[in-house]
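After the structure tokens below, expect a handful of questions from me.
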Amino acid sequence: MRKKFWLFSLVLWTFLLTGCGQSLSQQSVLENAKQANTITWGVKGDVRLFGLIDVKDGQQKGFDVDMAKLITKHILGPKGHADFVTVTSQSRIPLLKNGNVDAVIATMTITPERQKTVDFSKVYFNAGQSLLVPKNSPIQDAYHLNGHTILGVVGANSVDNVKKASPKAKVLELQDYAQAMNALKSKQGEAMTTDNGILYGLAVQNPGYEVRGGTFTKEPYGVAINKHQKSFVKAVNQAIDEIKADGEYNRLIKKWFGQVPGFNYKELYSK
Amino acid sequence: MINIFTHYSHQLLVGFGWTIFSSLLALLFSLIIGAAFALMEVLPNKVCRMIGRTYVEIFRNIPLLVITMFFYLVIPMYLVKINGFTAGTIGLTLYTSAFIAETIRAGIQSVDNGQMEGARSVGMTYWQAMRYIILPQAVKIVIPPLGNQFINLVKNSSVLAFVAGFDLMYQANSIASATFDTINSYFVVGLLYLIITLPLSYYMRYLEKRTA
Amino acid sequence: MQNWINAYSWMNIRFLLMGLEVTVLISVVSVLLSFIIGSVFGIIRYSRIKYLSAVVGFIIDIIRNLPLLLIIFFTYFGLPNFGFKPETIPAAIIAMTVFESMMLAEIVRSGLNAVDVGQMEGARSVGMSFVQALWYIILPQAYKKMIPAIISQFVSLIKDTSLATIIVVPELMQHAQVVYGQNANYILPMFAALAVLYFIICFSLSLLGNFIDRRLA
């Protein structure tokens, strides 16, 4: 019995040390990226318009992905290589902290809570949270959802936002946006909530559903980067400025959001 | 780690409750369904045997996740609405029932054939022989493997996390993304799973030793 | 009907097959690795080596009694703390191997224990060493009896690879989700395809197991 107890504590401590261990390497991400001529980006794989896996070739495609490619070129030069790892709202922060990816550009809102754990670049896209509902739904806006069942995604801040707007709404967290959309179609919830850009992408694909109620939060997207990587943050910020200044940014906005009905993409142009 | 325990004790408790509730429900129903199909498999009727066999092979060879997602996403689209907890529990039940059927069938068949013949020769009907001679012996044989099926059931109930079934794993995901402390959140939840499964597994081993 | 035809376009089928390839890759590698590791751990458990067997036994018990999903999370999110950052496919292989090895170790241990103690004593009394007796006398008998249990564990392994979709491993389940994520009309055809594909692989492995079992019996 005694022996068992000692063994138990031994294994326990190994686990505990794993948990508390410092994951962050002190190396400079920027230097490493320059040396390898590659930046590894975490992007979404299930979000139309931002990061969606294309069945044709298995590659991720979308605004975030194109932004990542441009930023890579601006930092590493025209021959710089961008690598992509598909992340979910749930996995993006652990993967960034662990160093599996150098940066995350995955419809990620800059929030004070997240800023305690990771650093963000400057805003590269202004989204706002909204609702996706079936066209015949009685739901009008996010402030009258008490008693309704709302679908969100694990790890997304939209779940907290909707609880702030309607404290008595019942929120279900699904694994990713594709599952949440299918759950909405299967009537597992009456509305789905997340950022308007993502919802417009879903509405394009699913006639019979529409984005409703306008935006009820401001969701500025930023590129997430590990703490203590000031040089890398600076490089990304500079790249974003350059991309906005030389018109590439507006070209990308038009490419991805120009065809989306009901979405005033010109509001997104950088002036 | 202690922080997660104290801060999220309510959420963890809720998850713990749903996990146990789902596992118990699934155990109950899969025992009934499993026993029924096991009996079909040992009946002298060929059609019954085929139905039993087919059921077992189908649910033994398709991933639990596929079955569960089917009940969560597909059935509501065409037939009736099923919430995540129910869909998960149905998935668990069907999946586990195939394994239980297999266990019970093996148990019944391991009782010597001569016993059935003997019972029949002293004038018992098939069902009487089954009820009074074969099944009591089979039950003794199948209890330890059934216990192991229950342990699997508790572990497998984590599939509820995929369908927002409020179980421990669902809460773990939610806590992990709220605290950004992934490893410790999962570690805490791992301990909670062990509280259920570890004693059970030691008890089953003890039973196995005693009956062997 | 049109939905079914569109859902099974060559493009989608090819994407599913790409996923199937990864599922098979993960399964085959994990089966081989976990067979070796599981056997070693099972034998250590059986041999009652001071301390070592107890430690190994404890590790087996812990891992066996945790949900595989947790093991997957620990591998993908936890291993980098030790300076090793696996990509999704290696992470899935490691997680599957760790989990299934421990399940197999338990099968091997109880299989070895089921061999009559007299055999070991007999072999030792004619001058064989413990290892020789194990290798030539005990293991062959034990493995013969274990085949059905081992095969059904491998079938479980293949099915369990679907859980790896949670860390976005590009395997069969994940690819099906991508396809029906882009068009919800494809959801029923995709689930049908999933059921059929998994069934074919798992059922043929079961049949193979039965065949080997009969041949050896």
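Here the Cβ of each residue, glycine as well, is placed from N, Cα and C on the backbone.
All TrEMBL annotations are machine predictions without curation.
What TrEMBL shows for this protein is this:
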type	residues	note
TRANSMEM	C:20-44	transmembrane segment
DOMAIN	C:20-209	domain 'ABC transmembrane type-1'
TRANSMEM	C:51-77	transmembrane segment
TRANSMEM	C:89-108	transmembrane segment
TRANSMEM	C:120-138	transmembrane segment
TRANSMEM	C:186-212	transmembrane segment
Determine which recorded stretch among C:51-77, C:120-138, C:186-212 has the most C-beta pairs below 8 angstroms with the transmembrane segment (C:89-108).
C:51-77
Six or more residues beyond either end and a Cβ under 8 Å away: which residues meet both conditions relative to the transmembrane segment (C:186-212)?
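Tertiary neighbours of the transmembrane segment (C:186-212) are 3-4, 6-8, 12, 16, 20, 23-24, 27, 147-148, 150-152, 154-155, 158-159, 162, 172-173, 176, 179-180.
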Cβ under 8 Å, sequence separation of at least 6 from the ends of the transmembrane segment (C:20-44): give me the contacting residues as numbers and ranges.
52-53, 56, 60, 89, 92-93, 96-97, 100-109, 111-112, 134, 139, 150, 154, 157-158, 161-162, 164, 169-173, 197, 201
